[in-house]
Amino acid sequence: LSPLDFDRWNLECEFNNTDHRTDLNGVDRLIVRRGQPFSISLYLRSGSFQPGVSSLDCIAETGPQPSEQYGTRASFGLSAHIDTSRWSAAVASPPGDTVALSICCAPDAPIGRYTLTLGRSARIEFILLFNPWCPAFQEKYAVYMDNEQNLAEYVLSQDGLIFRGNYKHPIPTPWNFGQFESGILDICLRILDMNPKCLRNPGKDHSGRRNPIYVSRVLSAMVNCNDDKGVLLGKWTDGYEGGVSPMFWRGSLEILRNWDTQACEPVRYGQCWVFAAVACSVSRALGIPCRVVTNYLSAHDTNSNLVIERYVNENGELIQSREMIWNYHCWVESWMTRPDLKPDFNGWQASDPTPQEKSEGVYCCGPIPVRAIKEGELTFKYDAPFVFAEVNADVLTFMRKQDGSTSKVTTTTLVGQKISTKSVGSDAREDITHLYKYPEGSDEEREAFTKANHQNKLLQQQQNQGLHIAIKVSPDMRKGCDFDVFAVVTNNTQSEKKCRLVFGSCAVSYTGVLGGNCGFKDLLNVELAPGGERRVPLRLNYSKYGDLVTEDNLVRLAALLIDYSSREAIMAVRNIVLENPEIKVRILGEPKENRKLAAELTLQNPLPETLDNCCFSIEGANLTGGRVISERLGSTVGPGEDAKVKIYFTPNHSGLRKLVVDFDSNKLCHVKGYRNVIIGK
């Protein structure tokens, strides 16, 4: 055999990156996906390629200690045809002085930076990513998805919506994932390199990168900084000195770049939707299909008994404990096979990068098949009991009296409601609760609970058939307004009832941490005729709640009814979200690639006080050059007046893009908005 003698080569980056759908990362270097051939042109110094006669030794290596045993080194020569099931090379051109060399990486090769040595002449660098287009779904470590629209959403889309607010009123928050912006892929690979498993045993860690289960578990630990040089530091209480409020962020770019430039010091601060959004950006960048999901009324069960025990005082005020019901909680789902489990558990896997409880000694959670949660398979890896409790835990409420005694309070508390994610190809909310749980009260639900050793909720929450209490709200609850909320008490018994009604409100964070009192009523003598109903209003005034509510804009309403004859206590609790004003976005100019545009941004001040230090900011993948563009107002904005600016930007890529907008001021903080813009060529 005669080795090919060449002195020049062309990596054909533009062709290969486009073919492998990595061109949004740029075409200045080679970035390819597993299990799919790519082409290199070799320019021969002498002779020509002769089938069966010409030879070429190829060696592909990744990581600091490449070895064939770990799968981080592969040696292969020329074959007659490309074999997509393993590392292979073949010539795809007729005999001549230019050789079109086709190379395919194994579909289960570790992802990351590679050096490819061709004969004695060439050392080629390239980056290898997971390939969700590679139909080798029977392969052990696959992320294959067979739907182009899903792939466009869950791998290629650089922007999206994350649902916040509350379960009665889900509010979409725009987010710029920006996974293909300049430098982001290198930062994602650095996150893998900085993980403690890699620092302890780099050879084994690089070998593990063939497996999306391993990679997504590493990411769930590395997006928080609790045990390692992770990306974000979480903070849920007491101000944000030394950093910025989690509400400040509009996307993942600034967070990832700050971490990278600050020598892997954690970025301050994140909360659940920020952790989840950053994990989603990194997963998509590496080629794992990923989406952010929101679980409304999410239980945080610290002792794995699937029961949240809540205590209130005699005014119905919650006594804080570590076991909480979060107003909402966000995590991510990633799409992959689970060869370590039974065959039916491929597909969406939940993992949670928010540091809540330790798993195998580290603050991480998942991946666990979403189907395993639905079926009550709590022995499956990883962290099934914690996620199962988040969507299914029972809530028991007790009243702690001044004399130290406790008594049970009858209340209906829902957990795991309206589990939500952005719809494929549109800004609608998709409800995916049915993927996590069977319909309440169904035989399948009972079966799943039995398997999970979880008592049936229906047995635990026997409703009081006699007295009933509910909280009703006004349709218009805008920040800055005064409005009424109502406790509605009904007597379903045949006898007259005398009761005490305590109706209170307080600011609350989305994780359930209570703030100051926003309004309170204590009626000692509520009389109800048989079948009678009473509607008790509580006025919420901006002058009282304005300085108490957090950036979450949430108020907790609690109505406690005590029946004097039976001493029984019944309670209703409801969180309400105060609506921020809308930011109106007008695009001035014809939206075209590389043409300067202006966004005219307007927000009307809804507060009965003046806004100062007003600032608008915009960012968007392929719209603002990978940066945030801000514009401060030179003057204050009085009640009812408009804050208005023009911000100029130059899009660099055609297609449907999301311009993410933020307004900040001394009294109205981090109001979000967005506008979809179609950029022409």
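The backbone N, Cα and C atoms fix where each Cβ goes, and this holds for glycine too.
Here is what TrEMBL records for this protein:
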ACT_SITE  Cys272  active site
ACT_SITE  His329  active site
ACT_SITE  Asp352  active site
BINDING   Asn392, Asp394, Glu440, Glu445  Ca(2+) binding site
DOMAIN    264-355  domain 'Transglutaminase-like'
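Annotation: Cys272 are the recorded positions among Cys272, Asn392, Asp394, Glu440, Glu445 whose CA atoms are within 10 angstroms of the CA of Asp352 (active site). When DSSP labels each residue, the domain 'Transglutaminase-like' (264-355) comes out as 18 helix, 41 strand, 33 coil, counted as helix, strand and coil in that order. Close to Glu445 (Ca(2+) binding site) in the fold, though at least 6 residues off in sequence, lie Lys437, Tyr438, Pro439, each with a CB less than 8 Å from its CB.
Mean per-residue pLDDT, taken over the domain 'Transglutaminase-like' (264-355), amounts to 93. Looking at Asp352, Asp394, Glu440, the recorded positions in this record, the fewest other C-beta atoms within 10 angstroms of the C-beta turn up around Glu440. Between the CA atoms of Asp394 (Ca(2+) binding site) and His329 (active site) there is a gap of 17 Å, rounded to the nearest whole number. Across the structure, Cys272 (active site) and His329 (active site) are spaced 6 Å apart at their Cα atoms.
For Asn392 (Ca(2+) binding site), other Cβ atoms within 10 Å of its Cβ number 23.
Asn392 (Ca(2+) binding site) and His329 (active site) have their C-alpha atoms 14 Å apart, to the nearest angstrom. Contacts of His329 (active site) defined by a Cβ separation under 8 A and a same-chain sequence distance of 6+ are given as Cys272, Thr294, Asn295, Ser298, His300, Thr354, Glu390, in order along the sequence.
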